[in-house]
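Asks: Below is the structure I would like to discuss, written out as structure tokens.
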Amino acid sequence: MYLLAVVGNLIIIVLVCVISQLHTPMYFFLCNLSSVDAIYVSTILPKMLSIIFTEDKMISYYGCIIQLYFFIFCGNAENNILACMAYDRYVAVCSPLHYSLIMTRKVCFIVGTSYMTFSAVNSLILTLMISTLSFCYSHKINHVYCDILPLMALSSSDTWSMKMMISMESICVTGTFIFILTSYIRIISTVVKIRTSSGQLKAFSSCSSHIITVLLFFGPCIFMYLIPESENSKDQGKILSMLYVAVVPMLNPFVYSLRNKEVLGAARKM
């Protein structure tokens with residue numbers, strides 16, 4: 001799974017960078033998504049593989065903090081990239097004549113730089129807040145990698161400020177999800193008005209890969225928040241988090257390559 005995720009996402013990055021026909025806003029954001037996914041799996045899975053092979057379940061304090069930083073960074077970045085991709089599809093379907101004026105290279109570069117900077121700063125703040133906590137009760141992390149909530153559960157410090165920050169993060173993620181849903185409601189309402197079935201099919205096919213990626217990304221999150229807090233829910237949360245950090249980054253390249261004629265055409269050229 002790790003090799004498939006890394007190789008698949010690297011292939012997408014190379015195709016988008018090398019093939020000129022893929023130098024469009026949609027594939028710019030796809031390249032960003034693949035870059036983040038490659039970092040995502042490389043942050044979590046190598047350490048997990050090491051634990052499986054060596055049966056040494058230890059992780060250093062600084063190793064845990066670094067893993068936490070990149071985990072939060074990638075989660076934030078992917079969330080923002082999916083929102084940008086939803087807006088890109090909205091403009092392409094609902095305002096096709098203005099698409100080239102709205103989604104310029106300059107706009108894409110500014111937006112891409114902005115959400116990467118925001119994700120890096122946000123992740124740094126949360127990681128620094130976690131690093132200031134005291135861990136006196138136990139050093140056994142009840143999770144498969146270093147995540148905020150399991151680390152907070154180990155802390156003997158006051159975590160009220162951290163809980164407030166996490167609540168704000170949850171509101172931001174919910175807002176992004178609502179933005180994506182609103183974009184697709186507008187897209188669907190526009191597509192339904194298209195008179196020809198071939199035109200409807202073409203419009204839907206340009207969005208289908210992104211819809212699948214959004215469902216794969218937000219699905220585990222929604223299930224984790226819907227499950228009531230209990231010992232069983234913690235175990236289910238671990239399984240869902242594995243879907244989140246391993247399965248989704250592995251599937252994204254397949255979703256975009258197998259369901260996209262432009263990517264398949266670019267692959268044949270390579």
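Glycine is no exception: its Cβ is also placed from the backbone N, Cα and C atoms.
Feature table excerpt (TrEMBL):
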- 8-256: domain 'G-protein coupled receptors family 1 profile' (DOMAIN)
- 6-22: transmembrane segment (TRANSMEM)
- 59-77: transmembrane segment (TRANSMEM)
- 107-130: transmembrane segment (TRANSMEM)
- 164-187: transmembrane segment (TRANSMEM)
- 207-227: transmembrane segment (TRANSMEM)
- 239-258: transmembrane segment (TRANSMEM)
Asks: So if I exclude everything within five residues of the ends of the transmembrane segment (164-187), which remaining residues of that chain have a CB under 8 angstroms from its CBs? That is, six or more out.
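Replies: For the transmembrane segment (164-187), the far contacts come to 79-80, 82-83, 86-87, 89-90, 93-94, 122, 125-126, 129, 148-149, 203, 207, 211, 214, 218, 221.
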Asks: Please compute the mean pLDDT of the model over the domain 'G-protein coupled receptors family 1 profile' (8-256).
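Replies: 87, rounded to a whole number.
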